[in-house]
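Peer 1: My structure is below; once you've seen it, I'll send some questions.
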Amino acid sequence: MEAAAAAPQVPKKRGRKPKPKEDQQQQQQQQQQSAGPRMKEGKKAHQHSVDDKYTQWKSLVPVLYDWLANHNLVWPSLSCRWGPQLEQATYKNRQRLYLSEQASFMFLLYETDGSVPNTLVIANCEVVKSRVAAAEHISQFNEEARSPFVKKYKTIIHPGEVNRIRELPQNSKIVATHTDSPDVLIWDVEAQPNRHAVLGATNSRPDLILTGHQDNAEFALAMCPTEPYVLSGGKDKSVVLWSIQDHITSSATDPATKSPGSSGSIIKKAGDGNDKATDGPSVGPRGIYQGHEDTVEDVAFCPSSVGNHEFCSVGDDSCLILWDARDGTNPAIKVEKAHNADLHCVDWNPHDDNLILTGSADTSVCMFDRRNLTSNGVGSPVYKFEGHNAAVLCVQWSPDKASVFGSSAEDGLLNIWDYEKVGKRSERLTRALNSPAGLFFQHAGHRDKVVDFHWNASDPWTVVSVSDDCDTTGGGGTLQIWRMSDLIYRPEDEVLAELEKFKSHVVSCASKP
């Protein structure tokens, strides 16, 4: 593991999307004039460093991982999410996987005709069970190839780029998507017809459209864990809440009445495709909440809130805001300076609803305890985790262990942390390991910014992550599905006992004639 580098100068806005080609060329010309040949040398040195780190990581894959699948994407992707588990077998399970394909990214970069559609992809993923994959097999993959464990099942032609995907916890076959518009789109992915992403294809028709934003809402999106409510934030500086309860039949939200592979049921069914998403049925908001002074970048529901009253949001104004819908549309608690730069992401602990994570362009992750926050904007984090050297784009608590969470960033790393380990390691050992306190695993399989990841609630410690590789390869992305070795996260006494047993077995085998 590597120590966190000194925090770089923080840009004003996050660079999740490539700039139009004209802007890129103009910026490159300005940089070349100001930096000259030194800039080119620095760029080469940076790429060489990335390649060296990746080569080193790949050599350690058989030691660090129980299983890993690498899937090359032709188009960049900004979001990936696990869907429902479909089938359980002896050595592997089959599960839905949702991801986006951003064809218009390449239109911006390479001036294509723009007629290649953006898509929401529903794939079937074979998740190999723990301690099944052979070490030599998981390390032998081709970075330019598609994984045999990921097979496309259905394609939805999406109206605009798919910036964010979120599944409905009561029925993960119903998903919400954000695009470059004020609307949130709701899809019944099982009922939607399969489409072919051919040149000039018409858009699929969403099953439901949530209206209420006055400007584009691109990234901030959450689904309530207890009831079918949707939360969004956007460039209009507002947080918007909807209920889709009346638009989903009881069979769609009651898992007891459903069998694996059966479809969800949004009452208004989708058509065969239409150019205008707005032709679908729409729903207005339950509430619009004002309190941010800049773009709202992420939102999250309180996991234990009954009636969906409590939620939080973060934005480019560096604020963390807690809301309680029972008290009106004004902030319940507003932390004015949660970080020293824009906030990109937030997540609420599903095991302990006092703990909230935030990630920022200042390269750090902060953990807040809401019991320590006050309505006058005062509140210091319980701990500040520093293990990235670029803007943090995504944070998420583990569904399996209350103290564990992950963070991904523009530095190409996905760090796994355990806050219970903070302070339990001696300063001498920390220096020897050369790693930040609380950091116990670093996934370095991506060579460009890791824009999204998702823990698998059906398969503990299994993670899907996706990187946008436009900066390093000029296009496309990389999807990886991985599980670290259980020797890394299991209790130390268990691991030592197993290793001792293995040692005794090796000795006994060696002593036999």
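Cβ from N, Cα, C; glycine included.
Checked TrEMBL, it gives:
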COMPBIAS  38-51  compositional bias 'Basic and acidic residues'
COMPBIAS  258-268  compositional bias 'Low complexity'
COMPBIAS  269-278  compositional bias 'Basic and acidic residues'
DOMAIN    52-127  domain 'Histone-binding protein RBBP4-like N-terminal'
REGION    1-51  region 'Disordered'
REGION    251-290  region 'Disordered'
REPEAT    289-333  repeat 'WD'
REPEAT    336-369  repeat 'WD'
REPEAT    385-420  repeat 'WD'
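Set these features in their place in the structure for me.
Peer 2: When pLDDT values are averaged over the repeat 'WD' (289-333), the model yields 93.
Within the chain, the repeat 'WD' (336-369) has long-range Cβ neighbours (under 8 A, six or more residues past its boundaries) at 4, 7-8, 10-14, 225, 294, 297-305, 312-320, 377, 379, 381-397, 399, 401-402, 405, 407, 409, 417, 419.
Long-range contacts of the repeat 'WD' (385-420) within the same chain, counting only residues at least 6 positions beyond its ends with a Cβ under 8 Å from a Cβ of the stretch, are 4-8, 10-11, 14-16, 50, 341, 344-352, 357-367, 435-444, 446-455, 457, 460-461, 463, 465, 467, 484, 489.
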Peer 1: Per DSSP, what is the helix/strand/coil residue tally across the repeat 'WD' (336-369)?
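Peer 2: Residue counts for the repeat 'WD' (336-369) by secondary structure: 0 helix, 17 strand, 17 coil.
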